[in-house]
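A.B. asks: I grabbed these lines from TrEMBL:
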type	residues	note
DOMAIN	190-342	domain 'O-antigen ligase-related'
TRANSMEM	12-41	transmembrane segment
TRANSMEM	53-71	transmembrane segment
TRANSMEM	83-100	transmembrane segment
TRANSMEM	112-130	transmembrane segment
TRANSMEM	161-177	transmembrane segment
TRANSMEM	184-200	transmembrane segment
TRANSMEM	206-222	transmembrane segment
TRANSMEM	229-245	transmembrane segment
TRANSMEM	329-348	transmembrane segment
TRANSMEM	360-377	transmembrane segment
TRANSMEM	383-399	transmembrane segment
Amino acid sequence: MKYLYGKNNILIYSVALLPLLSLKMVSVSIILFVLGACLGYEKHKVGASEVKLILVFSTLFFLYIISLIWTDDFAVGLKQIEKKMSFLIFPTTLFLLKPFKSFRNINTFIKVYLISCAISSCIILLYIGFNLNEILQSNSNYVFSIKLRQAINSAPFIGEHPIYFSLLLAVSVLLLIYNRFSGWAINALLFSIYGTTLLIASSRGVILGLFVVMILIVFQNIKSRNKRYAVLTLLFIMCFSSYLLPPIKARVNEIIFTKHLFPKGLHYNSFNLRMGIYSCSFDIIKDAPIYGYGPADVQDRLDACYETKFETPAYAQQIYNTHNQYLDYLASFGILGFVLIICCFAYFIKISLGAKTNMYFNFLILFFLVLLTENLLSRNTGIVLFAAFNSLLAFTILYKSKFLNT
């Protein structure tokens, strides 16, 4: 029982197992996390600052509730609110109950996440290995890339969309830079595992976002101009060398050699489909610029636009959202809600600038960049990952002297 109360509470680490959890188990882990926070609660004064933090960090959740006022599809709106509960749960639990009592607790949480991501990557690599003969029978780099990404999605127990798995890996790379294990060998092994699986997943937006953040880290931490140039040169060589790998080459060539900017008939791929998505996204935003349609109605508006604007069956084969979180917020909440969200993001940046390290700042930059290419905060994995670490890293900075021991 000593591991369920006070400083030894193990339940608060349950969410750190996110890379290994199915959708249902993620919900269970959140319940265990809150339960652990309640069991380890130590009475303290709750002031206006905590209430302010909870409101700011939960703004997205409250916007989804408010949008029910003007949404047409109320049932879908309620389902979306249920999915966005993490935006309320994590800041409330962290800033109100303060489950982490020391920096050691926080470091343990991060290390559990890093190990979980490594195990998840190894499972996927093994699954790909078992199915390698089938994958190698691909008649082009493009098909080869698709089969690799499908393997990530269909891996037993932990199958995840390649984009979100790439995000889990990118966050792992970033966290490992600032929270290394003792011994260079284990760190080198982890970086190798993350990097290999990230290249296999070949999510362009995530890889590009991580590359930009790595450049930032070089300028933040290396003061010598010669060393800085040397490391940057190595980074660019690694980046361009990755083009030689079939999954990356196929994804890049898809952009370079696309004959049609927009999908037409059977001539479509992920690039020109995305161009069509952005075109329709801007079209529907112009029709409701002030307060948007409400999150529940955006997809219906997009689908209607796809059907009337593009002569292709591609958009009828699956659901295509805005593929840009900022466009999604503009379409959902209009300019008023969008400005409020950007103000919250700016507040997160302000908090991150008060830290001794740039871990939180770079975490935010990574997310804010990838949000340009994906709706990361519309799916459970992205929501939980951002809500948990955004609140945790901010908590570490804001309460480093008041509540956290060494």
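Placed from the backbone N, Cα and C atoms, the Cβ positions cover glycine too.
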A.B. asks: Considering only Cβ pairs under 8 Å, which range in 184-200, 360-377, 383-399 makes the most contacts with the transmembrane segment (12-41)?
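C.D. replies: Top-ranked stretch among 184-200, 360-377, 383-399: 383-399.
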A.B. asks: Between the stretches 161-177, 184-200, 360-377, which one has more Cβ pairs under 8 Å with the transmembrane segment (206-222) than any other?
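C.D. replies: If we count Cβ pairs closer than 8 Å to the transmembrane segment (206-222), 360-377 scores highest.
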A.B. asks: Kindly say whether the transmembrane segment (53-71) and the transmembrane segment (112-130) touch, using the definition of 3 or more Cβ pairs under 8 Å where each pair is 6 or more positions apart.
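C.D. replies: Answer no: the transmembrane segment (53-71) and the transmembrane segment (112-130) share fewer than 3 Cβ pairs below 8 Å.
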A.B. asks: What same-chain residues lie close to the transmembrane segment (360-377): Cβ under 8 Å, and 6 or more beyond its ends?
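C.D. replies: Distal contacts: 60, 163-164, 167, 170-171, 174-175, 204-206, 208-210, 212-213, 216-217, 220, 321-326, 328, 345, 348-349, 351-353, 383, 386, 389-390, 393-394, 396-397.
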A.B. asks: Average the per-residue pLDDT over the domain 'O-antigen ligase-related' (190-342) and send me the rounded value.
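C.D. replies: When the pLDDT values over the domain 'O-antigen ligase-related' (190-342) are averaged, the result is 89.
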A.B. asks: By Cβ distance under 8 Å, which residues at least 6 away from the ends of the transmembrane segment (329-348) in the same chain are close to it?
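C.D. replies: Residues 56-57, 59-60, 63, 67, 281, 284-285, 288-295, 298, 301-302, 322, 364, 368, 390, 394.
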A.B. asks: Relative to the transmembrane segment (112-130), which of 83-100, 184-200, 383-399 accounts for the most Cβ pairs at distances under 8 Å?
C.D. replies: 184-200
